[in-house]
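The disulfide bond annotation in Swiss-Prot covers C82-C175. Annotation source Swiss-Prot lists signal peptide at 1-18, citing sequence analysis.
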Amino acid sequence: MKMLLLLCLGLTLVCVHAEEASSTGRNFNVEKINGEWHTIILASDKREKIEEHGNFRLFLEQIHVLENSLVLKVHTVRDEECSELSMVADKTEKAGEYSVTYDGFNTFTIPKTDYDNFLMAHLINEKDGETFQLMGLYGREPDLSSDIKERFAQLCEEHGILRENIIDLSNANRCLQARE
């Protein structure tokens, strides 16, 4: 009986692990990221980029998957007003990587997603000979569990982003009223 219980537990863990994907992996299905998303956390090695008046404090509303690109519908807050912005991110020659021009040249990947709950993105911005990185945690719902947030914080640390540069936006004005 114990052996059967251990086998079931092991298979459950394998199935949960198999559900996660990375845009650079073979099992990534870009079609499954199509739809509505909410910005939960932003992190950057240049914190000012994601602070209240930072150019990269963007709130994702939707990803629309096309054949070789993604249309990203985002909102930004300027002078307490929500503005909508759409960007087209094109596939690059690297597997699972997309590029978009916004305040410089950006490339990004999706290191982790389970499609149904969360998506973790890693972006590198190049502008005027300088670079910085940004990571975002996005959810299908307006907030995510503390476990997923902690996994995201660990991924940020793996990319050299300090915990003090991680901003939880689940209680910030994310232009949710503009989504209707």
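Each residue, glycine too, has its Cβ placed from N, Cα and C.
The shown structure was predicted, so the numbers you read here are calculated from the model rather than taken from an experiment.
Of the listed disulfide-bonded residues C82, C175, the Cβ environment within 10 Å is emptiest of other Cβ atoms at C82. For the recorded site, C82 (disulfide bond), the DSSP three-state label reads strand.
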